[in-house]
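Report on the following structure.
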Amino acid sequence: MSFVEYSDLIQDGDVAIIYLSHNNVMPVKVQQGAQTQTRYGVIRHSTDLIGQRYGSKVTCSKGWFHVLHPTPELWTVALPHRTQILYTTDIAFITMMLELRPGSIVCESGTGSGSLSHAILRTIAPTGHLHTVEFHQQRAEKVAEEFKEHRVDHLVTVRNQDVCKDGFGVTGVADAVFLDIPSPWDAVGHAKVAMKKHGGRLCSFSPCIEQVQKTCEALQDQGFEDISTTEVLLREYDVRTVSLPLPDFGPDPESTEEATPAAPPNHASISLKTTTLPREMPGHTGYLTFATKPRT
């Protein structure tokens, strides 16, 4: 099992995703002889998981669940939160705007819970590399442990340092840089140093517009071009079937036919698909500021 390569069968040591319901998804480290308690009963790893195909439906004493192969999208909704994380809506837009592809070299700070990191690793595999910097020592150690457990550690280098003071630890290698720190304007200079001479893309995630203003000023001072800021909001429409009555306009007044006795009322109706706006929708997460480093 790897987050960047698909496997058919569940093996001892894998990280599997237990799908109990739409709002109840949990990661499980598969171990010979281990057990996991769920609302539907106990999961016995040796008999219920190991050797089964990913996607299988497993029956417990009180119900059933599906066991899924891990993906960055599933990891985002199932991971243990050590920090606030980025979700798939923002992650997809970031990946596109940074022009990431297999073989890209990416610098990231801060790593946090590793939500974006896993999506980057899948995109740049098998020949790319991620240099990620985390200021907090325990978080850096934990995410490095998870990368090894998820078998993507060969694609990533984790550094525990202050990116605003010490930079990314690399020079002239990055195709793209991502910043998710309280003061990204202090790291813009280090980001420029880490990027390749022929240029590259930068993205900064900030929840407050004041942070965006200072970051844009720093980007302009460092010679970045094409500076723009975007806010991504997701609105899901509810598609449903409705039944509408057909109107009865009565007899045609211009008809020359002889009048006939009044027919009973016609209650005919027609069914059709329609969409309605959601009553609630996710609000503001953060502002995404993008910029391009020109060739030097």
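Keep in mind that glycine also has a Cβ here, set from the backbone N, Cα and C atoms.
Caution: TrEMBL annotation is automatic and unverified by curators.
Taken from TrEMBL as is:
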BINDING   SER113, GLY114, SER115, LEU116, GLU134, ASP162, ASP180  S-adenosyl-L-methionine binding site
COMPBIAS  268-277  compositional bias 'Polar residues'
REGION    245-296  region 'Disordered'
Kindly report the helix/strand/coil residue split of the compositional bias 'Polar residues' (268-277) according to DSSP, in that order.
0 helix, 8 strand, 2 coil
How about long-range neighbours of the compositional bias 'Polar residues' (268-277): same chain, 6 or more residues beyond its ends, C-beta under 8 Å?
235, 237-246
Using only the Cα atoms of SER113, GLY114, SER115, LEU116, GLU134, ASP162, ASP180, which the record gives as binding S-adenosyl-L-methionine, return the largest interatomic distance in Å, rounded to a whole number.
20
Least Cβ-crowded entry, counting other Cβ within 10 Å, from the binding-site residues listed as GLU134, ASP162, ASP180:
ASP162
Set of same-chain residues at least 6 away whose C-beta sits under 8 angstroms from GLY114 (S-adenosyl-L-methionine binding site):
TRP75, LEU79, VAL143, GLU146, PHE147
